[in-house]
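Inspection log for the structure reproduced underneath, given as structure tokens.
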Amino acid sequence: MNFTSLFFISIGLAMDAFAVSLTEGISLRKLCIKSIFRVALVFGIFQGIMPLLGWAIGGLFYDKIAKFDHWVAFGLLAFIGIKMIIDAREFGKCDIHGNCEKTSNIIVLGIATSIDALAVGFTFSLLPGLNIYFSIAIIGVITFILSSAGVYLGNKVGQLLGAKAEYAGGIILIGMGINILIQHLT
């Protein structure tokens, strides 16, 4: 696989993480480097680990995992989206650092947005001569960069729109979950 193909695969995989990073940025009362780094690092790590996992197990379990992966992604995104809508009533009551979201929520979102990267890892196992470690590094770095931008941009939108942006973020997460479900059921 050439670098251009890998680059565009990485961008495609990072789009879900970027969208969710926007919603994370919306929920931050005050933006700080630590919050941006935390979200971007978790999303970058999961986007890198999942293709490695898919590559390692290859086609052995693909049929079993493919039967329910979309339900897992839908459930996780819908749960966090509903929670975000409920929490919108508490908008502006973040802690002193502006961190409304727990690290555990970000990890759940990292898993939900990287399930498609697992499938990419399965296809990587079919490509002879692929440098998997270079590939996952590129995927992780691009996801980190786009997630950082997403948190920053989401925070700016959140400052402008307040609780309305938090409601919109929850609706976006639920919509992403529904979209994943529809894509796999059709």
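Indices start at 1 and increase along the chain as displayed.
Each Cβ is built from the backbone N, Cα and C atoms, and glycine gets one as well.
As written in TrEMBL, here are the features:
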TRANSMEM  6-27  transmembrane segment
TRANSMEM  39-62  transmembrane segment
TRANSMEM  68-86  transmembrane segment
TRANSMEM  106-126  transmembrane segment
TRANSMEM  132-153  transmembrane segment
TRANSMEM  165-185  transmembrane segment
Short question: most Cβ pairs under 8 Å with the transmembrane segment (106-126), which of 6-27, 39-62, 68-86, 132-153, 165-185?
39-62
For the transmembrane segment (39-62), find every same-chain residue at least 6 residues outside the stretch whose CB is under 8 Å from a CB in it, and list them.
13-14, 17, 20-21, 24-25, 103, 106-107, 109-111, 113-115, 117-126, 132, 135-137, 139-141, 143-145, 147-148, 150-151
For the transmembrane segment (132-153), which partner among 6-27, 68-86, 165-185 gives the most CB pairs under 8 Å?
6-27
Residues of the parent chain within Cβ reach of the transmembrane segment (6-27), under 8 Å, 6 or more residues beyond its termini
35, 39-40, 43-44, 47, 51, 84, 87, 94, 100-101, 106, 109-110, 112-114, 116-117, 120, 135, 138-139, 142-143, 146-158, 161, 165-166, 168-170, 172-173, 176
